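Enquirer: Following this message is one structure expressed as structure tokens.
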């Protein structure tokens, strides 16, 4: 029996070599490795093992450094949180400066810190009347700051920690009407023309600004409502505030007359600044004649202060652009004593007169104020309107109230025509014989 191995043919050996090369290529083993001897491969393997150990130690070191950095960041975040819970020192930003990185380094210093800074620096003035230069602004983005901003700074490092809301006079904040009036245009009788003029001048530019832009016209800056007392000026302003979603600021003319010099002018400035911040907004100035009287020579300090307040109002009326969402409504019953500078075009452009109601308007007013009452069907409002000659809107409402009180006094369940007639007599008895509204 022959146990000797049979010699392989050259073709079989070549096929095996080709198979080995194919498997090496599939495994990613290069031709260089295949040509290496066993000792060289062992040596190469040891080198790779040592490199792997070095890389593992490097990864471990970087992991420890990362954990240390995370701990440091957490510690610094806790410190920042503690600093932000401490009381702030209120300051004002006076100026923002750009640092030029191309400035030459200062002599005599190994490292010039000023030349390495980039970005913005700030100059602030604290509430203790001290001015500081901040090379590093702090935790607030420098792009969001502007001169005049109110900021809170750390009392030790003076770094800016947070921006504070703009400060306004507390009296101006109280002028903002929080609760919307409930009046509607349908609650106003006999003033259809005045309602249309007010809507065109105030409401349309705020709600449909594109209509004015398409025509290329500028809407009026403000409206002056004038007429005798009791004709519905303040009522129409309240209805306008109820129908628009704008912020409504109500100023009374006597509020702007203050004892200290410049106090009234500051109130006017703060009111317009608050209106601009909360735009769209409407500023209603009632009793404008308290500060808008004609200027005259006077040695009294009080008269000069009133004139200063009016000049500030003129400045604010000229100051804001007509396309902004801030509108002014002024009301007075003494238009004859107002300063001509207030009445010129470009300030209070639209002037709306509120005359005494005619017979039809008086009937409509009494119907409006009687619609919630239990009224008898035989009440003739046209006859009541003829009997209330020279009555204004407020007196027509007083007639309805007096009629209700008379019916209540006699224990009735509904109001009759005679109750209204007695109410007219009651109001006429209280009315002065000679009531002059204009000089």
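Glycine residues also receive a Cβ, built from the backbone N, Cα and C atoms like all the rest.
Swiss-Prot feature annotations, pasted as is:
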type    : residues                               : note
MOD_RES : 1                                      : N-acetylmethionine
MOD_RES : 9                                      : phosphoserine
BINDING : 227, 228, 229, 230, 231, 232, 233, 234 : ATP binding site
MOD_RES : 376                                    : phosphoserine
Enquirer: Which residues, sitting 6 or more apart from residue 376 (phosphoserine) on the same chain, put a CB under 8 Å from its CB?
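Expert: Once residues fewer than 6 apart are set aside, residue 376 (phosphoserine) is near 414, 415, 416, 417.
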Enquirer: Just to be sure I understand the packing, how many Cβ atoms besides its own are within 10 Å of the Cβ of residue 233 (ATP binding site)?
Expert: 26
Enquirer: Counting only other Cβ atoms and using a 10 Å cut-off, which of the binding-site residues 228, 229, 230, 232 scores lowest?
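Expert: Result for the binding-site residues 228, 229, 230, 232: minimum number of other Cβ atoms within 10 Å at 229.
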Enquirer: Return the residues near residue 231 (ATP binding site) by Cβ distance under 8 Å, restricted to its own chain and a separation of at least 6 in sequence.
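Expert: Listed in sequence order, they are 354, 355, 356, 357, 392, 393.
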Enquirer: For residue 227 (ATP binding site), what is the tally of other C-beta atoms lying within 10 angstroms of its C-beta?
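Expert: A count of 20.
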Enquirer: Under DSSP, is residue 234 (ATP binding site) part of a helix or a strand, or is it coil?
Expert: helix
Enquirer: Using an 8 Å cut-off from the Cβ centroid of 227, 228, 229, 230, 231, 232, 233, 234, can you name the remaining same-chain residues around the ATP site, in sequence order?
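Expert: Leaving out the recorded residues gives 333, 354, 392, 393, 394.
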